Structure formats: structure tokens, C-alpha cells
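Notes follow the structure.
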Amino acid sequence: MGLLSIIRKIKRKEKEMRILMVGLDNSGKTTIVLKINGEDTSVISPTLGFNIKTISYQKYTLNIWDVGGQKTIRSYWRNYFEQTDGLVWVVDSSDIRRLNDCRYELHNLLKEERLSGASLLIFANKQDIQGALSPDEIAKVLDLDAMDKSRHWRIVGCSAFTGEGLLEGFDWLVQDVASRIFMLD
Ligand code: G3D
């Protein structure tokens with residue numbers, strides 16, 4: 001039995017998924033993780049290193065890695081790529097000034113071999129802010145159609161403040177990952 005099959009088998013038994021949250025700093029990654037886990041989102045400090053949260057979601061256990069997005073620490077993202085099943089790329093849809101930077105970092109990340117099989121959920125966050133770009137507009141600016149055709153991806157508008165869109169996004173991600181790694185269920 002190959003290593004991949006063994007990993008699949010173990011994961012299948014435990015129903016665990018590893019989810020990596022990434023995006024530019026201030027996009028709302030930590031707030032999303034807190035909100036989805038039903039925690040207080042009123043006081044949030046910037047993620048300087050990383051946070052790991054294990055949450056139960058549907059019948060699965062999600063190990064969510066929330067990695068800081070400041071420019072100086074983006075080069076360390078690669079330390080967290082191993083065995084990632086799902087990627088969540090969070091965009092501050094109101095921060096139009098930094099969308100070019102956001103597109104560059106996303107496409108750069110997707111070149112990574114170890115992430116090639118990961119399902120990709122893009123959260124167009126902060127939809128509650130007036131002037132925020134819609135998910136369709138974000139998809140255009142980020143040039144999402146240029147991604148590798150084999151990539152499973154979806155963009156969902158959300159607000160970590162109101163919670164709108166979060167379940168829709170995570171439901172899709174978890175189902176997409178499950179259909180690949182728990183395929184014998
Ligand atoms: P990060 O983990 O990606 O760095 P944070 O981002 O979760 O720390 O959020 C950065 C700031 O954006 C926080 O504000 C947070 O409250 C705010 N934020 C996150 N999501 C939303 C959203 O959906 N809508 C709005 N309006 N704000 C959001 P502060 O003021 O603490 O810097």
C-alpha cells in the first residue's frame with residue numbers, strides 16, 4: 001500500500017481535514033475562524049504567527065491553520081503546506097488598493113506543488129462594508145479564470161461580522177474535500 005493510500009485510510013477513519021486559511025493581513029481570517037466556531041469576535045489582535053483551531057463541523061473534524069498574512073511573514077506560509085486538504089483564501093473586498101497585491105500572492109501560492117490537490121475556497125469578505133466589490137468583481141480582479149482547470153474552486157461573498165456566507169462557503173469546501181479524501185465512504 002502506498003503512502004498516499006495509508007494517509008487516506010487514516011484520515012478516512014478519523015474524518016479529519018486540514019484547512020489552511022491564508023490571505024493578506026487584515027482580510028478577516030481570524031474573525032472568520034472565530035465566527036464559524038461561535039466565539040466572540042469583538043476583540044481581535046493581528047495574527048503574528050499562526051493559530052490552530054480544531055472544530056467539529058458536520059460529521060468532520062476540521063484542523064484549521066490560520067496563518068498571519070503580513071508581508072514579512074508570507075515567505076513562511078510554505079511551512080504550513082504539508083497535507084493541506086482545503087485552502088481558504090480570504091479577501092478584504094473593501095481594500096481595493098491592495099487587490100493587485102492580493103492577486104499576486106494568490107497566484108504565487110497556487111504554484112506550490114504541495115497545494116496542487118487542495119480545494120480552494122475564496123471568501124470575498126467584508127461584504128457589509130459599503131463600496132466593497134462583489135464576488136464577481138473580485139473574481140475578475142483576481143483573474144480566477146486563469147487558474148489551472150483541474151483546480152476545484154469557488155468564490156463566496158461573506159461577512160465575518162454578520163456571518164453571512166460563511167456556512168455556504170465552508171459547506172462547499174468540506175463537501176468538496178470529503179468527496180476526494182473520504183471517497184470510499
Ligand atoms: P486577519 O486575521 O486576516 O489579519 P482579522 O484579519 O480577523 O484580524 O481582521 C482584521 C480587521 O478586519 C479587524 O478589525 C476585524 O474586526 C475586521 N473584519 C474582519 N471581518 C470583517 C467583516 O466581515 N466586516 C467588517 N466590517 N470588518 C471585518 P480591527 O478593527 O480589529 O483591526
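Don't overthink the numbers, they just go from 1 along the chain as shown.
Glycine is treated like the rest: Cβ placed from N, Cα and C.
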According to TrEMBL, G23, L24, D25, N26, S27, G28, K29, T30, N125, K126, Q127, D128 bind GTP, and the residue from G69, G86, G165 that belongs to that same site is G69
Go through K29, K126, our binding-site residues, and report the one whose Cβ sees the most other Cβ atoms within 10 Å.
K29
Please compare the binding-site residues G23, G69 by how many other CB atoms fall within 10 Å of each one's CB, and tell me which has the fewest.
G69
Distant-in-sequence Cβ neighbours of D128 (GTP binding site), under 8 Å, six or more positions away
S159, F161, T162, E164
By a simple count of other Cβ atoms within 10 Å, which of S27, T30, the binding-site residues in the record, is least packed?
T30
Would you give the longest CA-CA distance, in whole angstrom, between residues of G23, L24, D25, N26, S27, G28, K29, T30, G69, N125, K126, Q127, D128, the set recorded as binding GTP?
22
